[in-house]
Structure formats: C-alpha cells, structure tokens
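Asks: The structure follows.
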Amino acid sequence: MYSALAFGLLAAAKVASADQQPIVGTPKGDVHQLGKGTFDDFVKTNDLVLAEFYAPWCGHCKALAPEYEEAATTLKEKDIKLAKVDCTEEQDLCQTYGVEGYPTLKIFRGVDNITPYSGQRKADAITSFMIKQSLPAVSLLSADTIEDFKTADKVVLVAYVDPSDKSANETYTATAEQLRDSYLFGATNDATLAEAEGVTAPAIVLYKQFDEGKSTFTDKFDKDAILAFVKTASTPLIGEVGPETYSGYMSAGIPLAYIFAETPEERTELGEALKPVAEKFRGKVNFATIDAKSFGAHAGNLNLPTDKFPSFAIQETVKNQKFPFDSEKELTADAISSFVEDFSAGKIEPSLKSEPIPETQEGAVTVVVGKSYEDIVLDDTKDVLIEFYAPWCGHCKALAPKYEDLASLYANSEFKDKVVIAKVDATANDVPDEIQGFPTIKLYAAGAKSEPVDYSGPRTVDDLIKFVKENGKYQAEVAEKTEEETPVAPAATEAAGEDHDEL
Ligand SMILES: *[C@@H]1O[C@H](CO)[C@@H](O)[C@H](O)[C@H]1NC(C)=O
C-alpha cells in the first residue's frame, strides 16, 4: 500500500507540468487518503491542502464524509487538495499535528504553516472557505478601491509601503498570511494615498468600526510587533464576551475583566462608566461586558454568584485564576477602578473554589482538591499522574476501575513513595490547568513541574504505566497482573462544562 502511494508521488513529480492529475490516494473519490509515508510529501508538493484527521467510528466524521467528498470534487478544478488521515491507523502522524478530537480539520501551506479550519462542515462552506484561502492574503489597493476597502469589515488593515521596500512588503504579507482568517488585509504603494492618510511609508493603519475609528502603526515592520499591534488595536476598549469572542479573549495572553449585566442598557451604562479605567489598562487588561441573562452560569466559573447581577470579576487567563469583585459591595466605577488597580499591583489573592481536603484517602487513587493541588500535584519530589474528571462524564466512569488498578499497582510497589496516581473533580475545584475535555490526564514529573505532559494514548493500565515510565523522573515501571486488555479507542473526551458549550 505504502509503496503504491510512494510511487504515485514520484509520478506526481514527473508529470507536474502536464495537465493530467496523478492519482494519489483512494482512486474512487477526490479526497486523498494519506499516511505516514505520504503525508509530508503530499503537503510539500501541493500549495494548499485541507486535511481531515478522523477515526472510522466517529459519528461527526461519518456525517462529514459525503460533504467533504463533494467539496473535494469541486475544489479539484481550483487545484486545492483535500486529504484525510485515519488516526486509528496513523497515531504518530496525528500526534505530530496535535490532533485531540475527531474530526480535526487543518489547512496546510507546506508542513510549517498550519492553521485550523474554522468554517462549517458543509460542502458549500468548505468550498468557499478554501477558495478564499487560495486568494492572496493581501489585496493590492488603488485610489479607486481603497475607500470601500476601509469599511469592508469591522476591522481591516491597510499597509502603506514604498514600492522599493521589499522587506516591509514581505513582513506585512507574512503577518497577513497568519491572520488571514480573522481580518482583511490590503496594501498600496501609491504615495499620494499615504499622504492623504497623513502617514509616511512604511505604516499600517487599522480601520475599525468602533472606538476611535482607526489606529496607526509606524514602528519598524517586524512581525511580532505588528501582531501585538493588531491584537491591541482590534480589541474594543470595552468589548463583549460571547461565543464568537470568548476564545480570542482566552488566548489574548492578558487578563479579562468581565462586566456582567442583564440588560443591554445596563451593559452600555456600566461600559461607559468604566471606559477611563479600561483606557488606563489598555493592552494590560481586556474589558468586556457579558450578557448575564444568557451566560449567567459563567459567573459561577469566576466564583461569583449566578443570581446576583450586575457583577464584576477579573480572570487571569494564563494561570486561570479568578478574582471576583465582592458581590456584597456596590458596583461603582470608583470601586471597580481601585479593584483593578489593586489586582494589577498584585494585592488581591485569587479566589479558589475547593472541596474540603479529605481527612483520609479512601482508595489507592489520591483525591486532590483545589486547596491541596499545590501540595500534592506540585510536590517536586514525586511523579504525579493526575486525572481531571467531571462527575457526569461517562468516559471518566469507564476509566475509574482501571485507574484504581493502576494506583494499586504503584501503591504496592517499590515506587509507592515516588509515584502518585491522583484525581481531581475539576467541576468542584479550581485548578490552574485549562481543561478542555474530560477526562484529561497529565503527568507532573518530579523536577519538571512547569512542564506537565499530556496523556493522549489509549486508556489502559498498560499504556498508562508505559507513559509514567517514559515521562516520569523515576522511570517507574510496575507489572500488570491482569490479562491483556482489549484496546480502547484512543482518547475520546467530553467537552468541559456547560459554559464552554455556550461560550
Ligand atoms: C508586494 O510584493 C508583491 C510581490 O512582489 C507585489 O505583487 C505587490 O504589489 C507588493 N505590494 C505593494 C503594496 O507594493
């Protein structure tokens, strides 16, 4: 099978200049089935590839299959290739590309430029999304087109560059490639347009339909500097947390201050009142209102009451710490300002939701709670395997007896003081980890507490032992007494909590 595919690729190289399409992968459809031996070459020889990572048993994958085929056929004419990888056959390949759930769709421009597919899983949507991807990331603008372009979206960027300034052009284009799914990018080398805008090339103007209307970047063109500029300038001074914006705020790398209120009027009013403090902390703390009628449950995640609004909390998004503003106190602009000042000065302790620390440990698995997390999980002398679970999660229940067996094996071995098998109910306890699905299993190895290793293999006692052995400081191996277990489907997880579904 591999040799046939490899041959197909060799043939592809030979006939590259001819019109004829070489056949690589499944001969029946237009989706290319790829594996370890073929994937990288395929991605390198095709400029734009959409790849689906799937498992044969996954329902969403089955639903996607005919849509994906149809899109592949339509896109064939445009020379955009659709590929698929069966992760039950190609575990290494799927791990290399960070596949955590099925199906995962990623856009490849070579093996180094990979972006997630963020469109819908329908043939039409896939087709139009990928056609847009195939167009240049930067539109060249002229006096005739620039005005319309400035208002073509909520946020657009225009670079004013000198025709001879190749480096500015390249840096800007590379940035645009990276952010092309989020914003429209245009550029012009017409000096009169720069003059009309009142800027000197090279400069970037970000036009936005909110706040001050535009922001200008005049520093040296450097990709990281431009990325940082775009992030700050495109974020409204007082934004709104909702399903479309939540993940952006969580990945922004700075804390998010939530203003919960039930009516639009109240949100506007509070937003206005907090503008000066938001302005003061711009680029350091994001501020956003949130509809407490629709997303009131999220207040609970910030350790605020879920039935008392308006309210306010800051979330430290990197360490995932919560700083709720005392809900008994009156919510005034002054009180919030000093709260944010104190937070920023490190004067406020994060609030920690925790079950009581158990007086005795009943089973072999060590029960961790919010208050004991640091003492147990971050104990630098021990390899700690920790499972983050939810009481309602079926996969967690299925794992429980095996996990108990695993813990017993270690507890009755020479490694009983070196390896801890632990679990924490992540719905009832605050943990520093951002948990996306249940169960999540991580190893905090002794001496390497800042670099926990995620477990994504099959959930069998045997595989977990291997994992602890390979990644732990003590290379602790225990022998499993039981018969070989039937293999379990790899790492299916359940979404973490109601609020994450909504937001
Ligand atoms: C940037 O460079 C590309 C490729 O050389 C060129 O087509 C484009 O016109 C340049 N853009 C500007 C604004 O000069």
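A Cβ is built for glycine as well, from the same backbone N, Cα and C atoms used for every other residue.
According to TrEMBL, the protein carries these features:
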- 1-18: signal peptide (SIGNAL)
- 9-136: domain 'Thioredoxin' (DOMAIN)
- Cys58-Cys61: disulfide bond (DISULFID)
- 343-473: domain 'Thioredoxin' (DOMAIN)
- Cys393-Cys396: disulfide bond (DISULFID)
- 478-503: region 'Disordered' (REGION)
Asks: Provide the three-state secondary structure of Cys61 (disulfide bond) computed with DSSP.
Replies: helix
Asks: Cys61 (disulfide bond) has how many other Cβ neighbours within 10 Å of its own Cβ?
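Replies: Result for Cys61 (disulfide bond): 21 neighbouring Cβ atoms inside 10 Å.
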Asks: State the Cα to Cα distance, in Å, between Cys396 (disulfide bond) and Cys61 (disulfide bond), rounded to an integer.
Replies: 23
Asks: Limited to the domain 'Thioredoxin' (343-473), I'd like the whole-number average of pLDDT.
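Replies: That stretch averages a pLDDT of 95.
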Asks: How big is the Cα-to-Cα gap, in Å, between Cys58 (disulfide bond) and Cys393 (disulfide bond)?
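Replies: Roughly 18 Å, rounded to the nearest whole number.
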Asks: Work out how many Å separate Cys61 (disulfide bond) and Cys393 (disulfide bond) at their Cα atoms, rounded off.
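Replies: With the alpha carbons as reference points, the distance is 22 Å.
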Asks: Which residue, of the disulfide-bonded residues Cys58, Cys393, Cys396, has its CB surrounded by the fewest other CB atoms within 10 A?
Replies: Cys58
Asks: Which residue counts does DSSP yield for the domain 'Thioredoxin' (343-473) in the helix, strand and coil classes, in that order?
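Replies: Residue counts for the domain 'Thioredoxin' (343-473) by secondary structure: 39 helix, 27 strand, 65 coil.
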